[in-house]
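Visitor: Sharing a structure with you now.
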């Protein structure tokens, strides 16, 4: 999220904040609906700022390319799949981050790092401030969902920490939040004046400190503390002393559901940079966004959400200061650090906000509607939009589910490939009926498909097998799927032997026990999440009409 350290050689009133960005929020673009052809449609997986402490201060992926599918029939449409975007949730990386002994910086080291970033390493103040503000905004969006936390108050100080808050306000506005800014002591420098102008052009309200509502809990869902970074000198003066005390009062409300969440940028305002909340009477934020590396005071942070920003830190600084930083997920610039927050599973819920799914808007043919939604998932950059849960049932009625990858779709059905000796294959040999489920979380969408299953022709499996990377072909031969093996080394040894055998580039024969299946649908359901659990569910089922089969659309109760 944000990285901040400030130069001791710069003007004290203009502390330098430096942060990281996590620009992974995606805009879902609706593509024109497409008609499926009678030929298979191949699918592919996208397979610094410092502030001197004082005793009285509490203180990568491959480039986009067009993929080809040699097994497709002539006239088939090809999808230009985007590269995988590293969409792994920040929360999912908590275990890896916690396993790393993350370096905590002293004030002196943080200041020196800032001087080098701002000097020989070529970073500019406005560049770092932009990264910082975007990082703060994305951190807020990661934890505090727009559907439940819309109203945000950003309290900005006169230095670069406040500048980060101004940038964060702009990004939060574009993310859909409703930010307001309290900026009592404006810095007259052009950089800050420009940031104010940008917010005014968006009609973001600026509220004088004296005009803030008496009860912040009634007006705001989140309060961002961007008053002072760790290079602040002296004791906070009016009106910041009173503003800090207002946040202290909010912190004292035990039930976080009854007050706004408090987010502090790098250092909770009023904390000692190294000692933390020395007298125990300071702000107790719910979220702390540490920058570059957490400062020593972060060890005293007890809130639920601690994030680190600073992925841009170059090797010279990593090596000189021996920084141990956690791995970042995918292309993200932020990572959760420390222990994962305790969660009441029963309280986990999303209040979905989506366009309505109306009968008058969907395609009369469910295959066309599926292609439309699939194209939109691809355009939105979702990771592996062709991933689907496949559920089979054996002759005893015992169900079994697993994730597989869709590799083709046309009016005849949905195609995937697997080992004919696997459990799913055994189930299908006993009961040739199955169900598919596509779940596109970021779009609040699901598609259910039910129908009968049969093997694809051998020549179709042969063509697809030889379109796969050599490693995948060897892996299909080596793995006797679902059988018990002594250990991973058994697989690895067999793989290496085959790799050596076909190192001359000769054709790798498809094993007889490997091939494709096609599910021919008898039922589709398109699900769009909506607020208050009043989801849209449109079901397509087949009916006989005038001697022929037609698709009939019905709305199901959520």
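Along the chain as shown, the residues are counted starting at 1.
Every residue gets a Cβ built from N, Cα and C, even glycine.
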Visitor: To which of the residue ranges 31-55, 56-80 does TrEMBL assign the term region 'Disordered'?
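Guide: Going through 31-55, 56-80 one by one, TrEMBL gives region 'Disordered' for 31-55.
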Visitor: Return only the integer: C-alpha distance in Å from residue 232 ((6S)-NADPHX binding site) to residue 225 (K(+) binding site).
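Guide: With the alpha carbons as reference points, the distance is 14 Å.
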Visitor: Rank the binding-site residues 164, 225, 266 by the number of other Cβ atoms within 10 Å of each Cβ, and give the residue at the low end.
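Guide: Looking at the binding-site residues 164, 225, 266, the Cβ with the fewest others within 10 Å is that of 225.
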Visitor: Quick one: of 230, 232, which of the binding-site residues has the smallest count of other CB atoms within 10 A?
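Guide: Candidates: the binding-site residues 230, 232. Fewest Cβ atoms within 10 Å: 232.
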Visitor: Of 160, 162, 164, 230, 234, which is closest to residue 269 (K(+) binding site) if I measure between C-alpha atoms? They're all binding-site residues.
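Guide: If we rank 160, 162, 164, 230, 234 by Cα distance to residue 269 (K(+) binding site), first place goes to 230.
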Visitor: Which has the fewest other CB atoms in a 10 Å radius around its CB: 162, 234, the listed binding-site residues?
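Guide: The binding-site residues 162, 234 were compared, and 234 has the fewest Cβ atoms within 10 Å.
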Visitor: Please give the maximum pairwise Cα distance, in Å and rounded to a whole number, for the (6S)-NADPHX-binding set 160, 161, 162, 163, 164, 229, 230, 231, 232, 233, 234, 235, 266.
Guide: 21
Visitor: Within 8 Å of the Cβ centre of 161, 225, 269, which other residues of the chain have their Cβ, at the recorded K(+) site?
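Guide: Apart from the listed residues, the neighbours are 155, 157, 162, 165, 226, 227, 228, 229, 264, 265, 266, 267, 268.
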Visitor: Including all protein chains displayed, how many Cβ atoms other than that of residue 269 (K(+) binding site) lie within 10 Å of its Cβ?
Guide: 27
